[in-house]
Amino acid sequence: MSTFGYRRGLSKYESIDEDELLASLSAEELKELERELEDIEPDRNLPVGLRQKSLTEKTPTGTFSREALMAYWEKESQKLLEKERLGECGKVAEDKEESEEELIFTESNSEVSEEVYTEEEEEESQEEEEEEDSDEEERTIETAKGINGTVNYDSVNSDNSKPKIFKSQIENINLTNGSNGRNTESPAAIHPCGNPTVIEDALDKIKSNDPDTTEVNLNNIENITTQTLTRFAEALKDNTVVKTFSLANTHADDSAAMAIAEMLKVNEHITNVNVESNFITGKGILAIMRALQHNTVLTELRFHNQRHIMGSQVEMEIVKLLKENTTLLRLGYHFELPGPRMSMTSILTRNMDKQRQKRLQEQKQQEGYDGGPNLRTKVWQRGTPSSSPYVSPRHSPWSSPKLPKKVQTVRSRPLSPVATPPPPPPPPPPPPPSSQRLPPPPPPPPPPLPEKKLITRNIAEVIKQQESAQRALQNGQKKKKGKKVKKQPNSILKEIKNSLRSVQEKKMEDSSRPSTPQRSAHENLMEAIRGSSIKQLKRVEVPEALR
């Protein structure tokens, strides 16, 4: 009653005798009181899940027992299952012998007695023995059926039946992976992984060098042994047809990796090897990498997702061993360290670039064999007019009419070698060196075409002459502009100069990059027009070649 101490008006309950009240209660009322007290103050020793009031307890409405009903259902279901099993293969007698003699049928003439058990006489121990006996008999029947196709149960239960030991036959089934002549199961049932490859057939094809077998796929075959993988690697040493060898998720270890390494040293036809998701350690991977030093054919190698971690030392050793390799293009492994990862990326990029250059060189050689001597004439024809528009306008910026002549000659030159294969006649000898070019007032010499024909000139001297001539021209232009800017107002000539500015000059103003020494003929012409004036123009006779 201490729980009501927080309420008011408890004085009227102080005179009540609790013992008298409890004595006056009946048994049912006492049970209800106990339940109420359990709800108010549950037992702290009980777990939380058992402290609440049970709401599933109900009084039975008749002679019903739930436990007896559940036991009856279990027994009936077991009997139904046994009847179904026996109905498929016939009536099979139940043996009461020990578990050691379950798979052996004795030669004795004793008949197996069938006992019928009632529900009242069955006990738990006998039920367990009966279930074990029926399961083991079913296994023996299924194994015998898988080996011999059908089982004659009359001969099994006959008096003069010979002993049939199925253990050795079951072991033979496991060794041959279920491949029997009379077995009509599908390949998916033979290999639960879904790989339809038949191991023995594939090995025979590799040994016989079958031309149709270009890929050996052993992926996801779990029951393949390491000795079988070693046999595959040894058979591939002499094979010249197989290009791809993949054995991912086959539980391959270092011994299989060593065999693959020995195979790669000898075989010069396999281009793709996949050993992902296996039990290979760093020792086996390094053996394969050392074998690649003697292999110049393999282009793709995958060994990611191994059971053992490679480690930093193994990754660095892999990079060292692959530095000299020039044929590997794809490597299926994620390096943990950034240093080996970047080094391996650069190695693979280098190899791909070498392959690309090799391919381009082969294409050029094929074109050379097809073209023959005509290619030389084509190259000479292309090379002769290409150099003319870059040098001539710089030496003659003061005479505007000469520049269009050069442009016309440049435009008219490509037609001459096409019409007549021999080269054009040589022009007159060149003028004296840059002593006449330095002073700005006199016009420059005629177009320096003979200099282009000279083959023995030095590039450094030509560049120096161009730079000196350009500086002299710029100095002369600055002097003339300084004198004439005051006299000339804002005229139409300035607007023309601004409109004739090339795109390259606008880009050069934005950036601080120096101008390139070589420019096109159009830009040189525009520069000469902007730097010239009407007073500088002179009449020039048209040359005989253009009349």
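Placed from the backbone N, Cα and C atoms, the Cβ positions cover glycine too.
If you look up Swiss-Prot, you'll see 1-47 marked as region 'Interaction with tropomyosin alpha'. The region 'Interaction with actin 1' annotation in Swiss-Prot covers 1-161. Under the heading phosphoserine, Swiss-Prot lists Ser11, Ser15, Ser24, Ser400, citing similarity to another entry as support. For 16-41, 113-148, the entry in Swiss-Prot reads coiled coil, with the evidence type sequence analysis. Here Swiss-Prot flags 91-162, 352-533 as region 'Disordered'. Taken from Swiss-Prot, the feature compositional bias 'Polar residues' covers 149-160, 465-475. Sequence annotations record features per position, and here Swiss-Prot assigns region 'Interaction with actin 2' to 162-497. The annotation compositional bias 'Pro residues' is assigned in Swiss-Prot to 419-449.
Structural mapping of features recorded in Swiss-Prot.
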residue: Ser11; record: phosphoserine; Cβ neighbours (10 Å): 7
residue: Ser15; record: phosphoserine; Cβ neighbours (10 Å): 6
residue: Ser24; record: phosphoserine; Cβ neighbours (10 Å): 8
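Across the fold, the C-alpha of Ser15 (phosphoserine) and the C-alpha of Ser24 (phosphoserine) stand 17 Å from each other.
Ser11 (phosphoserine) and Ser24 (phosphoserine) are 23 Å apart (CA-CA, integer value).
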